[in-house]
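First comes the structure, then the notes that go with it.
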There are 4 protein chains.
Amino acid sequence: MNTIGNIFRLTSFGESHGAAIGGIIDGMPPGIDIDMAFIQSELDRRKPGQSDLTTGRKEGDRVEILSGVFEGKSTGTPIGFIVRNENQHSADYDNLRDIFRPSHADYTYFCKYGIRDHRGGGRTSARETISRVVAGAFAKLVLRQKGICIRAYTSQVGNISLSGTYQDYDLALAETNPVRCPDPETAERMAELIREVKAEGDTIGGVITGVITGCPAGLGEPVFDKLHAALGSAMLSINAAKGFEYGEGFAGVTQRGSEQNDIFTTDGKGGITTQTNHSGGIQGGISNGNDICFRVAFKPVATLLREQPTVGTDGNTTTVQARGRHDPCVLPRAVPIVEAMAAIVTLDKCLQAKC
Amino acid sequence: MNTIGNIFRLTSFGESHGAAIGGIIDGMPPGIDIDMAFIQSELDRRKPGQSDLTTGRKEGDRVEILSGVFEGKSTGTPIGFIVRNENQHSADYDNLRDIFRPSHADYTYFCKYGIRDHRGGGRTSARETISRVVAGAFAKLVLRQKGICIRAYTSQVGNISLSGTYQDYDLALAETNPVRCPDPETAERMAELIREVKAEGDTIGGVITGVITGCPAGLGEPVFDKLHAALGSAMLSINAAKGFEYGEGFAGVTQRGSEQNDIFTTDGKGGITTQTNHSGGIQGGISNGNDICFRVAFKPVATLLREQPTVGTDGNTTTVQARGRHDPCVLPRAVPIVEAMAAIVTLDKCLQAKC
Amino acid sequence: MNTIGNIFRLTSFGESHGAAIGGIIDGMPPGIDIDMAFIQSELDRRKPGQSDLTTGRKEGDRVEILSGVFEGKSTGTPIGFIVRNENQHSADYDNLRDIFRPSHADYTYFCKYGIRDHRGGGRTSARETISRVVAGAFAKLVLRQKGICIRAYTSQVGNISLSGTYQDYDLALAETNPVRCPDPETAERMAELIREVKAEGDTIGGVITGVITGCPAGLGEPVFDKLHAALGSAMLSINAAKGFEYGEGFAGVTQRGSEQNDIFTTDGKGGITTQTNHSGGIQGGISNGNDICFRVAFKPVATLLREQPTVGTDGNTTTVQARGRHDPCVLPRAVPIVEAMAAIVTLDKCLQAKC
Amino acid sequence: MNTIGNIFRLTSFGESHGAAIGGIIDGMPPGIDIDMAFIQSELDRRKPGQSDLTTGRKEGDRVEILSGVFEGKSTGTPIGFIVRNENQHSADYDNLRDIFRPSHADYTYFCKYGIRDHRGGGRTSARETISRVVAGAFAKLVLRQKGICIRAYTSQVGNISLSGTYQDYDLALAETNPVRCPDPETAERMAELIREVKAEGDTIGGVITGVITGCPAGLGEPVFDKLHAALGSAMLSINAAKGFEYGEGFAGVTQRGSEQNDIFTTDGKGGITTQTNHSGGIQGGISNGNDICFRVAFKPVATLLREQPTVGTDGNTTTVQARGRHDPCVLPRAVPIVEAMAAIVTLDKCLQAKC
């Protein structure tokens, strides 16, 4: 299924070297001012070629809205959009026509479909995430009106990680460096590691942390569509994602209940809050009004600019070495994608909960 | 939504202290021999009161099949089933009517619905997982015919964890001890920790590892319904789950691509395999024929047999102390639930892929 | 799929001679007073044995609610319910084990599933509609609060039909006679025809008219889930339904646009209404605030109490004659089923539209 | 929802006077030869300006495929496509900005969304059906390989109707006249009526008959997604559709069961067939291998080239008279749309049934 969401739904299409990437957003609330400059700026955040840490592939990546917006406002009808593919060096991939690249989806797609578009990974290319970022931008426009803000940042690259939690940093600083880490000093060390890895023709993984603030209590649908299950599914659907956790996550399994429980207390304004937020803003699958905090693990990029042994479609062993332009680390460009997926899920759950 | 799955679908109902827990399985393939003893035995694995490590609540938990099975075989029509609730000490929960228990879903359900069944957690009780285990047992009967086997085991309790991977153990041994850890010596240390924690009126978390063997290549639906995204969502929907990872997961983010890539090789029988399985059996969201391996983090149980401060529905501070019978650690009884969810997802993806 | 609805969803199970018929209602709004006597009374309206015009099969058909209701109110969690099958004369059907009854689903189910429960038609029995009536009763409880009222009545049996529209009758009178026709004189003629047909061991078809009043403008989701498309699908899913039309329907194709257009006019209270309602309350797939009016065609019951030639599962020709108790005309008992389906669809669309 | 289908799914977008109409086809089987000339020819069948019986609006309506096709074959990934809108005389609609046209969706959309694109009916324009025809053409390419053929034709315009059933005509002749009626003499009378109505600035309705041949037994999903319920919903979702019936439909309600039952008989080749096909190829919601036959009623077009009274958005009475180019009868151009919807539903049910 190339569709995500229940009320606010994105259906996407497009291959890396096809004519265009695009999608349809169904369920966009009507009457929302559509800030096209903002939408394009979100897309620019995931664009290749932003720094020496990312692929040199230059794509204009201009989004064209084809429907659902009238005189600057959403009408409630589906929003069709496309981003034309340009600057395709398809010939760079001719050698991949008959080869399965290690740890890519070449082999599994071939098993599943019996046919594959080998150019640039076809449908499995991260260019597919363009549709997600566009839909996420539309979602952010709605969430903004509800006072809900979504931020993500690089919290770990290889073995270099931030020591603090999201509350220890000014998250706006993440956008001031190419790694998208809110601590400039750590960001520089991460960048250095990425450059080092790149020089070796190798790649490296990392972790992105996401934070949703301003979220009302009551979002999430029990029992199979809990808020964190929907967020987890959305994050795990991003290329190269290998893990998802929220609140105290995996590290919290060593704690006692008496340590991890969030004690309720009055907020002094007639409402209820908690003394701590070990739960990550979600209890029983439903938001409790606290900040929602989660982490996503990304593996090192599978494409290496060095020779690797592999097997061809003819069953014979051979070698493969990527040509062309590739990211040594997905983290910097994955930050806006994580935000987009969080925005899509959050808005969907808001609309389900009629918030 | 109380439904999971696309082709093989479970819809569940039931509260802890209501008349019954149950569900409807839609999409069960026809003509499958229904081994009722096996289905009941799976349910018995999650039953309370199996050892001194779990709650003393005694429930017969007998499943009654109401439809969809004729003369011992599935007919392709929906399978309705119920498990009557018994031995309900609802009075044990009278004190919770007007109190929000810390890190439970009492508060969030109240925010969402404006009403809640406070008895035993109502719908948020882990008794809801009875439906999952029944559906998982039906799924296992089908998967068995396809040569697909699903196993889970406790790999960590608190800070006691297995040092090896699933290949280092005889997983059948997991069922020989109450912790469901395949290493008897580690199991005993885990049991000791749970008893210790229980004696303090406290609780502890842990990790369950799941393994799917015999899975053909080609399962999983790009791009939003990748196999690991569906597995992740299913696992995260289990009560107390806080994280999901597959393959090298979070730990693998420190690796280089050259370390983590799985090199393809010929299998000597005309087919293709990989030298390693860092990917955890899934590439690009589609199974590649290797064993599928994942891990699920569970937080310490929120219910403590000791006094905790909290707030009542009237907004005043108060205290709460659980009465009744509660698990100090969900891990042992969560093992069959993890297996059930893995079985449901795997069968659903098999049927989608027409395997 | 045994599920209908998007936000308010019914999933059903059950065979005619299995242990029980039942279902799960997901998406019931919380806080609604659940009038159990009303729900049972709705079920009693479709019960066999109400008069000499229907089957003599005597079923208590008592509904048991298993979840989702707490202290007399809905909680927002799924409502599981069952109706035990009783008074099963399964032996009456032994002769059907190896025979395909004409114009029944015996043959098509066998083609599709390779196995079938021959007793009483199994899943294809009209007893399946019990679940619909229960869910419809819950939906009516919610709709009532919104001022929306759903009525259906028998408007044609064989070639005896009402000459007027729904506005020409007091619809409450439909419940005063066994045919459920609001014109007592016509009802008597219809009853006479049914008795006559029954005496011949034959059966007869007819038409049920449905009316939804009090419906706000704005219900229905373009473009594939238009209100009348959802209503049509729901009605056509009822056993023996062969056609659906709304507004002027088939008869209106001979009209000119200048005759059939509904001219807008002011309603004298600052609002807008139409001078006529040829559209049947729906324009462009969305309700316009007028009464919604539709008609459903039902074929004559396929089960005859006379001998018919047929073919056995062994491929040889044979004959079949129904034993047991069967309706000569589905219309009288289908009226509450039509209402139930209309209630389910209308509530679902209300919740989608956040009305 | 702007999506139809379960396994083979179309999601559509686009307004009459927006940049483009388009959609995404998800679930297209891989490895199918994509005959672009055929797809364009299907689109040409619904194109305006084909004869003096349809609107004079001239649209090139060239479809551009953006993804999912590689080297002439489908790849199993989603097929994005667009058709640019051209020749938009948006100014023709300036007078409609503040007016609700009688029996159009102007008022209901405004009620539902609070905003509307008034140009050419916006989303409610029949130009939306372009997406359906494109998806239907893809479906036909797959069905053709399975030996399934879908045909539709105009069987009634106003009070002029064909006297025979589909078996009495050479359906290929339907494409030889602008009305798309397989009986040339009747076609000419229908054309005459349409011209007459057009000359009066008026419009007229009619009936389209659809026939699916070569369909295997076993298609259709009980109990809510019966084959005829899915077909009915799809047909009713077409602009101006007011009714759907299959088999003997509404007329058959006057028959006795002994007249309408289809008696099973051996087909002389070891298989089973029926002596008659009153059921219209569907029994119990599942195809039985016979030809599937259905009829769809279309109302007269709401847009009149004569003055009508109406009400403006300001609540004041006014008048409206269509300018521009409009069809006096939808039937001729609706034939390929009916076929497209039938193809989409049939392929979807084939894939669900794994045929």
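Any Cβ shown, glycine's included, is placed from N, Cα and C.
Automatic prediction, not curation, is the source of TrEMBL annotations.
Same-site candidate for FMN binding, as annotated by TrEMBL with A:Arg123, A:Thr124, A:Ser125, A:Asn239, A:Ala240, A:Gly284, A:Lys299, A:Pro300, A:Val301, A:Ala302, A:Thr303, chosen from A:Arg97, A:Arg151, A:Arg325: A:Arg325. Across the annotated binding residues for FMN (A:Arg123, A:Thr124, A:Ser125, A:Asn239, A:Ala240, A:Gly284, A:Lys299, A:Pro300, A:Val301, A:Ala302, A:Thr303, A:Arg325), the two most widely spaced Cα atoms sit 44 Å apart. For A:Ala240 (FMN binding site), the same-chain residues 6+ apart in sequence whose C-beta sits under 8 angstroms from its C-beta are A:Ala126, A:Gly205, A:Phe298, A:Lys299, A:Val301, A:Ala302, A:Val330, A:Ala334. Annotated pair A:Arg123 (FMN binding site) and A:Arg46 (NADP(+) binding site), C-alpha to C-alpha distance, rounded: 17 Å. Chain B lies within reach of A:Arg123, taking the binding-site residues A:Arg46, A:Arg123, A:Ser125, A:Ala240 and requiring a CB-CB distance under 8 A. Look at A:Arg46 (NADP(+) binding site): DSSP puts it in a helix.
The Cβ of A:Thr303 (FMN binding site) lies under 8 Å from the Cβ of A:Arg101, A:His104, A:Thr203, A:Ala322, A:His326, each on the same chain and at least six residues away in sequence.
Taking the Cα atom of each, A:Ser125 (FMN binding site) and A:Arg46 (NADP(+) binding site) are about 14 angstrom apart. Listed binding-site residues A:Arg46, A:Lys299, A:Val301 compared with chain D at a CB cut-off under 8 A give none as close ones.
Reduced to three states, the DSSP call for A:Thr303 (FMN binding site) is coil. The 10 Å shell around the Cβ of A:Lys299 (FMN binding site) contains 27 further Cβ atoms across the protein chains shown. For A:Arg46 (NADP(+) binding site), other Cβ atoms within 10 Å of its Cβ number 25.
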